[in-house]
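**Q** Have a look at this one before I ask anything.
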Amino acid sequence: MMSIRQRREIRATEVSEDFPAQEENVKLENKLPSGCTSRRLWKILSLTIGGTIALCIGLLTSVYLATLHENDLWFSNIKEVEREISFRTECGLYYSYYKQMLQAPTLMQGFHGLIYDNKTESMKTINLLQRMNIYQEVFLSILYRVLPIQKYLEPVYFYIYTLFGLQAIYVTALYITSWLLSGTWLSGLLAAFWYVTNRIDTTRVEFTIPLRENWALPFFAIQIAAITYFLRPNLQPLSERLTLLAIFISTFLFSLTWQFNQFMMLMQALVLFTLDSLDMLPAVKATWLYGIQITSLLLVCILQFFNSMILGSLLISFNLSVFIARKLQKNLKTGSFLNRLGKLLLHLFMVLCLTLFLNNIIKKILNLKSDEHIFKFLKAKFGLGATRDFDANLYLCEEAFGLLPFNTFGRLSDTLLFYAYIFVLSITVIVAFVVAFHNLSDSTNQQSVGKMEKGTVDLKPETAYNLIHTILFGFLALSTMRMKYLWTSHMCVFASFGLCSPEIWELLLKSVHLYNPKRICIMRYSVPILILLYLCYKFWPGMMDELSELREFYDPDTVELMNWINSNTPRKAVFAGSMQLLAGVKLCTGRTLTNHPHYEDSSLRERTRAVYQIYAKRAPEEVHALLRSFGTDYVILEDSICYERRHRRGCRLRDLLDIANGHMMDGPGENDPDLKPADHPRFCEEIKRNLPPYVAYFTRVFQNKTFHVYKLSRNK
């Protein structure tokens, strides 16, 4: 005990040389117990209030989105077939497996039906648990069977309420992340308000409920919150272990529920790599996070029956390359500024080359082609060569895969989110540059990450992580509109954190010579409160009008088609048509398909191209032979595709097929010089004339304003 007291006395003497007011410190020491007690009580009160608000705002957001969905479709009043049709495109395909599991006599038979499925792709038996991320549907179907809720809740409501419940978790995780960064729950409240008022640009769950991203993004938000806490310095060992467990579980669930998980986590790995290279992040913690990413993916790979697309992912190759490059370059963080910069560039080059080398080796060993369409799309999108590849052009011509529309920024500016985001981003980027330059210049005097000499700017590791995260995902959103939901939700977090951050206001007030601790306190609380009042004043009436606006689902042509298929075709009949429509056919009728919207398989893409020749300029006997090669009994033609006007010339489906087939496109406009006139008229137009060459192969059995169904002859 004496030795401990003696050390305290020495420290007090040492401190007194720099801080003369020793008597004041002694007085504070005497008052410490009561001060600690009051601070502890205040902290508990703040945590209780902030936590309660987080749960309430999450639940209210969930109820709000569920109400919008109900009001838009009158979901509770429409027929079962109409409810299922409302799950458009791939959403219907995913929901069909939930329905299939519930209709199975036993769970084991349900599992067997998914592992040995011969109805999703005709004349093929595929393992759906390997091919698709549908474990969430399996889990929900088991829960629905086990829980005593069948009498009170229909299966479809159990499904959609689960998704809306995940939105509550999503908003709560965003709230907590902002709170962790700023130190006040007020920033979390502002982040949640911004998320709701910018709903058009932050989520699309109310009209694409079963989409994989709606399952995955809540777990992604939990992971970001956990990483933000994990990167705090001086965590207790127990807290650190529990946080690592939370990161692992959320990363695993995120990876399990979305097929594009590897690309999102690659962006995260790039964030970690950047911060580690610039000494803005503890190398040990970065290593833990790299390891969790690899472990999660490998575990998902096992659950998906060793899905080769996961093993051949860029993420695994990149993380392994980082580990190898670290071993080869042991003195990366020593030397002068120029010496260190040269080492960094060499390190970057080495990691890049190793990543490409490992990835190519793995893909050659596994003969992996499942994701080649993504790289063809990226190559064409960024102008690395024109392409006539049908799959790449199919993505390029979709608005969702185009550049982020400029009017998005107008909507984000109306809520003041974009202005606040740019304000906070500008300041933190400047600070990051200063800190990075200081770290690279001062490598001879190694200091702990995130701590610098008094009087210099500072950037906490958790802030640095979220800064690089928002920048990289911002570039992703700008280049591909569909990915904006990853950016805009984090934008709410980052902007609200900055406005409530004492460090941001301190730096700003010091730069204009107005620094005062009281002014910091006033600014960090008054500005968010004023914005919250503005949001309530401007958007509350509109939200109330939205909730009172009642619509109803109306698609009589599709309903008529599904009812006709159920009543007039054999249960084992095989249907061909567009990917989007066939997903609905699978869900509503249970018939066998030739193709479907889950496009991450090379053989399926080839099959889809062949089926889509029904909209190309091909002879009837050629189309018949192609369709019969997949066992097709019926083909559905859609006027909305055959006479499409939604896309510009060159991007209509029929144009993409003409270009891929080497044929000149229809209508006024230029054609590439090597394209030639087709020998046959367009199949989907000519078949409606009932000419003998077509009648010999196809018999029309159903027709309405939108759809034409033809039965294929079997004796040709």
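Quick reminder: no glycine exception, Cβ is built from N, Cα and C everywhere.
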**Q** Pick from 142-164, 487-509: which range has transmembrane segment per TrEMBL?
**A** 487-509
**Q** By Cβ distance under 8 Å, which residues at least 6 away from the ends of the transmembrane segment (290-323) in the same chain are close to it?
**A** 127, 129-131, 133, 135, 244, 247-248, 251-252, 254-256, 259, 261-263, 265-266, 268-270, 272-273, 350-352, 354-356, 358-359, 362-363, 366, 368, 370-371, 600
**Q** Do the transmembrane segment (418-441) and the transmembrane segment (179-195) come close, with at least three CB pairs under 8 A (pairs 6 or more apart in sequence)?
**A** no
**Q** What residues in the same chain, six or more past the boundaries of the transmembrane segment (244-270), come closer than 8 Å to it by Cβ-Cβ distance?
**A** 132-133, 135-136, 212-213, 215-216, 219-220, 222-223, 226-227, 230, 288-290, 292-293, 295-297, 299-300, 303, 309-310, 313-316, 318-319, 322, 469, 472-473, 476, 486, 600
**Q** At an 8 Å Cβ cut-off, counting only pairs 6 or more apart in sequence, do the transmembrane segment (462-481) and the transmembrane segment (215-232) clear the bar of 3 or more pairs?
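**A** Judged by the Cβ rule, the two regions touch, with the required three close pairs present.
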**Q** Tell me, please, if the transmembrane segment (179-195) and the transmembrane segment (521-540) are in contact, taking contact as 3+ Cβ pairs under 8 Å between residues separated by 6 or more positions?
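**A** These two stretches do touch.
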**Q** State the residues, same chain only, that lie 6 or more residues beyond the ends of the transmembrane segment (215-232) and have a CB under 8 A from a CB inside it; answer 'none' if no residue qualifies.
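**A** Counting only partners 6 or more residues beyond its ends, the transmembrane segment (215-232) has Cβ contacts under 8 Å with 136, 163, 166-167, 169-170, 173-174, 176-177, 180-181, 240, 243-244, 246-247, 250-251, 253-254, 257-258, 261, 264, 281-282, 285, 289, 460-462, 465-466, 469, 485-486, 489-490.
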